[in-house]
Amino acid sequence: MINCNLKPLFLAIIVILTYVVVTSKGQLRVGFYSQTCPSAESIVRNAVQEAVFGDRQMAPRLLRLLFHDCFVQGCDGSILLENTETSERRAEGNLGLAGFEVIQSAKTQLEATCPGVVSCADIVALAARDAVAMTAGPFFGIPTGRRDGRISNIQFAANLPDVDDSIELLRSKFKEKGLSDRELVLLSGGGHSIGTTACFFMPKRLYNFTGHGDSDPAIDSQFLPDLKAQCPFNGDVDVRLPLDSSSEFIFDGHIFHNIRNGFAVLASDARLYDDMHTRQIVNFYSGFPSVIRRLSFKADFAAAMVKMGSIGVKTGSDGEIRRVCNSVN
């Protein structure tokens, strides 16, 4: 049973203030570029700010980009490569990814200021952090020092978390990356606090959940007709709908209320309520008075982002610093 107090909040703050992620071959640390490229983080932040101000959907796109990079070969910028027809970004689980031009814009500016210093992998991590902060989410120190990978293969993306995965499969995929049930809830569910999804991801949940022409019983009975109206059977799969219609552009964790009450849009979010352990975590983040809930969620999400951002990183002499982000040197 989860003790609904502020312990996770304080633990998360401690993790964030530690600021160092130790790897087997080196370290990531906050301020890695403080001597070699002091303006690195501000250049990335300005590029993200310009993009988000021009298109509010860019914030969740940049957040999603980091998730999809880290879950395939680690956080090494391999999702950015497009040198072949078999690059990982062409995998079905990566369909709809966007924001690549923002990463390259920041890289172009960084190469003009500090050539050959800042990795594309670090730009992806910093951009995701800044995008969250620009939607009223937490701003936190994110360790840098990643180097870029040289390999991108569609086969390596075969095990990405999928919207139609069972909770058992989701837990297994996150555990494989060293992430706990709490981090599953925070990153998979909480990460959907902002943004939209496409009807492309909805047919099974709405029209063939168990293979017998039925709908997911976890959907609230009054919410189901709304979802079907937005994503009719054999309708336009490119139509987009907000993941949290009450606060689509505000990173506030309200999505946990949606999950608890049957108003989750994505099947994978609803599945977080299928398991006793993840259900308790959802209840934890949806049960506090609003101010405390927001503070706890944001601090814990920041800590989860730092941990995810350390998955499989390349440091030291591993990898390279790409000159452009969509191609190896």
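Here the Cβ of each residue, glycine as well, is placed from N, Cα and C on the backbone.
Cross-referencing Cys120, Cys231 with TrEMBL gives Cys231 as the cysteine bonded to Cys199, criterion being a recorded disulfide. Partner cysteine of Cys37, as given in TrEMBL, is Cys114 (from among Cys75, Cys114, Cys120, disulfide bond). On the 0 to 100 pLDDT scale, the domain 'Plant heme peroxidase family profile' (27-329) averages 95 in the predicted structure.
Using CA atoms as reference points, the recorded positions Cys120, Cys199, Asp244 were checked against Asp76 (Ca(2+) 1 binding site), and the closest is Cys120. Checked against Cys231 (disulfide bond), the binding-site residues Asp69, Val72, Asp244 differ in C-alpha distance, with Asp244 being the nearest. Using a 10 Å Cβ-Cβ cutoff, Cys231 (disulfide bond) registers 24 neighbours.
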